[in-house]
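**Q** Before I ask anything, here is the structure I am working with.
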């Protein structure tokens, strides 16, 4: 089959494919099953990976167990059920399997970011293309230029946040959700009421028997009907599971089914008028209102994916899975409302590039299909692992889920992969680059954490170092930043041995991010005195709306120290403050020796490159430039 000579039966088969794709993937897989595989309310492939790591020792490093033995498992599992399943034991034994699993989870998240590049481009371009119906003189380049201008304006407004205009989003999407199915019902009644018969799956069988290989290739286009399902799962952290289920089943699903049915009914009555299908079936009296609604809905959909991309990047940075970029919270009331300047402008360049480079043909749709179905197949595989390892679902039910969805989505993947030379290569390449960056960063940070925990300095060891006759206490107040919990960073021993000194008052600061807007002032800074005189430990707890300015932070910590110190200690801290403040950050760098394995040579070398070009933690704190000191040490792998 090709779209130069479609028939009524072809359209019936295509609609049947879309109906059952929406029903099986949208309703059964995501609404019925996937939404239950959340990790403390968070959804998406990385949330499922985190869930698996908390219930089995399958993290990328054997020593990095990230769950608590006392933590209750899903479905009230008993102590017997906590024993790893056969599949769980396989992952625990195989470092290659664990690396593949991590890379798969990261790739799924990166495919969602690729969605954030393509959704604004294809949504705005499709909406503005409606100008060409009443004004045939409007050319494709003009549509592309207008779409690019709208996208540039949208990205330039991101730094102001969405709170000022977010009250418009719900009415716009409600108008879109309720007007399009009404037009769909009108189109069904006017053009071909018999379209309802296409719900029968036998039309799918007839479609493939008739069109064979060409029918399989057409799957690359029909997959676009289910776009947004994965984003619905990934946005679970912003909405309740029940709310998503009610909204999808009561409005979104019936709206899509009726809208696609109306479009297909029009096409059956006008078999060769298949270009720009949406605006063709809109009645003339409501054309311009629908054009306005479609354009506004495209902008809202674009805004949603852009915001979701910012949130994914921010969560990745917080979880130490992505190199540090600047993240600004544009709302004191909503954690998810964030803005990243670097991410924003890279997205803008890529979106505008997609519009100008691919907007003239079907390439942009081909590119969109690749990221949509790839992330869905990854979700299917990871959800199967959740069923087996965590839920302990009976094998028959696991097979009943995995086999049909793997076959169906595998068929879609095989079809869209034929589109890679025709534009599908772009999001695939972007996603693979992002996945390699995240995997390399995560692996390097985990190896660094493993080394720091194995070589951390105890309070007793610190006392021994300071007792050495050559070690002097120099005037001043030092804030020594560390990620090590229950101990001190090994950089400290390196620093004391080489400098033979430590400041008269030294505070080891650990920053702890909490998922709240603001931390109560009484709980924000926790200080305690360590063994040696003038040495303190400090934990700074902060929320997403708290300001972390280095000079202000130093003043707050010093005030808290003096408030609880005895007279002698108070005098020491005050004298140190007056002598000057310095902020020290330790850097553990990898030295990859000749005896290291090839995997470590490649991945840790890549990590060192990323570490060299990303933002430093001290500028993120806003510490004055003249007060910053960075101490480096090499760790031989």
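Each residue, glycine too, has its Cβ placed from N, Cα and C.
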**Q** Look up transmembrane segment in TrEMBL and report which of 54-76, 77-99, 100-122 it refers to.
**A** 100-122
**Q** When you get a sec, could you say which of 123-141, 142-160 is annotated transmembrane segment by TrEMBL?
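**A** The range carrying the transmembrane segment annotation in TrEMBL is 142-160.
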**Q** Would you mind telling me which of 324-343, 424-443 TrEMBL tags as transmembrane segment?
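**A** Comparing 324-343, 424-443 with TrEMBL, transmembrane segment matches 424-443.
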**Q** Test the contact criterion for the transmembrane segment (345-361) and the transmembrane segment (100-122): 3 or more CB pairs under 8 Å, pairs 6 or more apart in sequence, then answer yes or no.
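**A** In contact, yes.
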